[in-house]
Amino acid sequence: MTRYKAIISYDGSQFQGFQRQSHARSVQEEIEKTLTKLTNGKEIKVHGAGRTDSGVHAYGQVLHFDLDQDRDLEKLRFALDTQSPEDIDFISVEKVSDDFHSRYTKHLKTYEFIVDIGRPKNPMMRHYATHFPYPLDLDNIQLAIKDLIGTHDFTGFTASGATIENKVRTIIDASVRYEEDKNFLIFTFTGNGFLYKQVRNMVGTLLKIGNNRMPVDQIKTILEKKDRQLAGPTPAGNGLYLKEIIYEDK
């Protein structure tokens, strides 16, 4: 068996998420169906690095799968790219060692979250940016976002009822920039892992801080108290993008 690693991008607006589901369209299912076509009916299991939610997009999702024969890499990439639905693109395919696992091999993830702050909003971006048409103090957001950097227990930023026990994660970079030509705020977070809805809840909190409905030091309070009720609302997933996954060299 040969293990392959692929980097893909997808428009998440017509998917219920990456992970296969019984009664909804998923990225995993579409790719597995394509692999079945390319291997004369064999069932091939795909493993993704990140389980993006409904409506969430990806520039650089990573997955791996095993095939029982050696394939020319560009021919395989081209076949996967052209046989998959139009909202999935295969950027690259490479051979990896048998102990590589897209999810469990140590890595860093980078997410972007795009907020359309235009009044009126851009209707062409309704599936690709979350709209927030209220006044914002960007300086306050830039001050507050720095408090997320470091190793913290992010219980206060995960979804209520999350069952995972260890909620300690490390964020090595967190920033926000304003794109004046589009009237977008773009939040960027890089870390060793993120809890369920963590990125969206961090953005929702930062928007409240920027709108002066929370104090600038609210991030510190949430991290200290570990209380989801102290954080902001969860924005829609349409503004969230899995941008890049970088694996640690052995």
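Positions of Cβ are set from backbone N, Cα and C atoms, glycine also.
What you are looking at is a predicted structure, and each value in this text was computed from that prediction instead of being measured.
Database features (Swiss-Prot):
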ACT_SITE  Asp53  active site, nucleophile
BINDING   Tyr111  substrate binding site
Site of maximum Cβ density within 10 Å, from recorded positions Asp53, Tyr111: Tyr111
Whole-number Å value for how far Asp53 (active site, nucleophile) lies from Tyr111 (substrate binding site) (Cα to Cα): 13
